[in-house]
Amino acid sequence: MSETTSTRKQKKPLLNGRRALPSNNSNAEENEVPEMEVFGLTPRGFNPKDYLHVVDIHMFKEPYEINKQQHHTDKYYSPKLIVRRGQPFQIQIDFNRPYKPDTDQFWLEYLIGRYPQQNKGTYIPVLVGDELKPGEWGAKITHKENNSIRLSIMSSATCIIGKFRLYVAISSPFGIFRTRRNAETDTYILFNPWCQQDAVFLDDEKEREEYVLNDVGVIFHGDVNDIKLRSWSYGQFEEDILDACLFLMDKAELELSGRGNPIKIVRVASAVINSKDDDGVIAGSWDNSYTYGVAPSIWTGSVDILLEYYSSRQPVRYGQCWVFAGVFNTFLRCLGIPARVITNYSSAHDNNANLQLDFYLDEEGKLDTKTTKDSIWNYHCWNEAWMSRPDLPVGFGGWQVVDATPQETSDGMYRCGPTSVQAIKHGHVCFQFDAPFVFAEVNSDIVYSRRERNGAQVIEKIDMTHVGKLIVTKEIGSDGMMDITEEYKFQEGSDEERLALDTAVMYGVKKQITQDTVYYPQTDVDMDFQVQKAILGSDFKVTIAFKNKSQNYYSATAYFSGNIVFYTGVMKSEFKNQTFNVTLAPSSSSTFDVVIKSSEYLGELLDQASFHFFVTARINETGKILAVQKATVLEIPMLHIKTQGETVAGREMFVTVEFTNPLNQTLENVTLRLEGPGVLRTMKKDFRQIPANSTLIWEVKCTPKRPGLRKLIASLNCDALRHVYGELNVQIQKL
């Protein structure tokens, strides 16, 4: 075999017996496109420059020019042309001489990936015609002047999302000439919620402004009885974020031909946002130990996380549910898919998806922590993405649940969704993807049961209303809270709700009916408790109330358990327990206070200052057990942000962050973080110590880039104190 033949064989891509070409699953890789394709032999003295050829191409890609203005892409910090599919855009071609339509023939070629093929949508020849058809590739000349022509180009409404390379091809009697590879003419094509033919079309302008164009949002956390919020910088328009998001699809090895389908994109993204099985973007940690990384609470936005991953190709440590949801939201909005972050309060993590969370009590009515495996998260954040679902029956398009937090595997990977919210509401859990798991998160019952000495299992209480009590997202156009619980479930106890549950069971959701169980609840005595709102570091009390609705005298032995928990409902330690006796006269009420001292909990407290209180009471006369549980969070001090001087785009301004340590102890190894899209890139500063009750002041200089209403977001983090935030809306004036 000759050396040239051997070299040629080595250059060929590795093939297998199943396909003629290797997988085309990288937007970053390119093929070589010949500048000249000759038809047979060329005559002596042939010079390509004697024929029509391209001198220059103008892309009109500046933020103030027509393309980015009309396509709502003017906020992207990118020098390249960024357009949305299914909508015309303009380019200008300068030739070496005037274009003669009767004799000259040219066309455009858009290519993506290393192995472009026309039938896969990765090689797109665009011919010049007389008119543009909506939602189909085409081009027409709109203006001619001297050696230049202006083209209006329409892309397909189902076009692949990504970065395309542009070539202009010109036909001559002896062959085809093409322009050279020029990165300046690269064109990013995104989803288009403004286009009726696009699968992500959203018909409300205010919703498009919120769910596609808003680069700062609010994420709700805390507890259903004490809702807290924090701002999050999505930063989908920041420099290199679009390339980072496209890289995630390369990382997930999603075939380029599938990248026009939002269903496929969100499914693979829900896996690649977490690192669990594919070295994706964020490594999760829920054990309060953040070695070799930073606590999830320190992040104020998605930009640093995505850029760190894009440059290092290594998972960023660490995240929890709101971090996964915040970064996922950036990815979706950046590509043009309308998206929002959802918080489900009292979210069930039902290990076997049987719509039942089992809490086991011992003989005395205390919680048996060894046998109780299910947990209730104080809250859980996921995302909704807006799209049509042609793979499902009519009516199940619209908002779809997608969740990147690694909880359970789906088709062998840690991912979840897209799941139709409408299907969840009506119990149609047979429709893909992962509907039974999401249905259980918002619909599970809590069952308290006790095993008697003879082996019989006694159900003491079934709570059908605790889980999925409140489901919320940010209001459109403001930082308020929008209650969307009714989008997920019918009113508790209604006929529609029972029908939805029966439908879910019919379609295969397990509704466990425990064998050998007896359920005779104590109905004539009520028990509940309230937790006093308190600031971190202070004492507070829990008031337990009993109400005897009968004409009988009762006495009860009650047990109070106070636990430090992760926000996922998993217990770290019991820091307080107390037993007390209660006498209940007929038709009367009585209360009992339990005082919680700061010295009892401060040394044990976890990230989000979360407590879980559990109260059980045995009615001595009947042997029946009452059980109530509640989660609560303490008030954490805020950071205060101020600006000094004028706030004008392009001019230097000063920002001050203030914090007063509320604890009677010195805070050590404190990190402050400040960011604001369009105002400043993320800034960090470490402080060795903040003495007890003292105030820290940090002043920074910055030059805002973009006029308009912007938001500054700050966080403080140390081992003793986390989830400390502050924010400030700033009106940046035009120069």
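Just so you know, glycine gets a Cβ as well, placed from its N, Cα and C.
Those TrEMBL annotations? Automatic predictions, nothing curated.
Annotated features, as they stand in TrEMBL:
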REGION    1-34  region 'Disordered'
DOMAIN    313-406  domain 'Transglutaminase-like'
ACT_SITE  Cys321  active site
ACT_SITE  His380  active site
ACT_SITE  Asp403  active site
BINDING   Asn443, Asp445, Glu492, Glu497  Ca(2+) binding site
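Other Cβ atoms within 10 Å of the Cβ of Asp445 (Ca(2+) binding site) number 20 in total over all chains. Look at the domain 'Transglutaminase-like' (313-406): DSSP puts its residues at 15 helix, 41 strand, 38 coil. Neighbouring residues of the recorded Ca(2+) site, listed in sequence order and excluding Asn443, Asp445, Glu492, Glu497, comprise Met464, Thr465, Val467, Gly468, Lys489, Gly493, Leu501 (Cβ within 8 Å of the Cβ centroid). Within its own chain, Cys321 (active site) has Trp377, Tyr379, His380, Cys381, Trp382, Thr405 as residues 6 or more apart in sequence whose C-beta sits under 8 angstroms from its own. In the structure as shown, the Cβ atom of Glu492 (Ca(2+) binding site) sits within 10 Å of 12 other Cβ atoms. Counting in whole angstrom, Glu497 (Ca(2+) binding site) lies 24 from Asp403 (active site) by their C-alpha atoms. Listed recorded positions: Asp403, Glu497; maximum Cβ neighbour count within 10 Å falls on Asp403. Sequence-distant contacts of Asn443 (Ca(2+) binding site), defined by Cβ-Cβ distance under 8 angstroms and a gap of at least six in the same chain, are Ala348, Leu355, Val467, Gly468, Lys489, Leu501, Ala504. Around His380 (active site), a 10 Å sphere centred on its CB holds 27 further CB atoms from the protein chains shown.
Asp403 (active site) is 22 Å away from Asp445 (Ca(2+) binding site) when you measure Cα to Cα. Predicted-model confidence for the domain 'Transglutaminase-like' (313-406) is 91, expressed as mean pLDDT. The two recorded residues Glu492 (Ca(2+) binding site) and Asp403 (active site) have their Cα atoms spaced 25 Å from each other.
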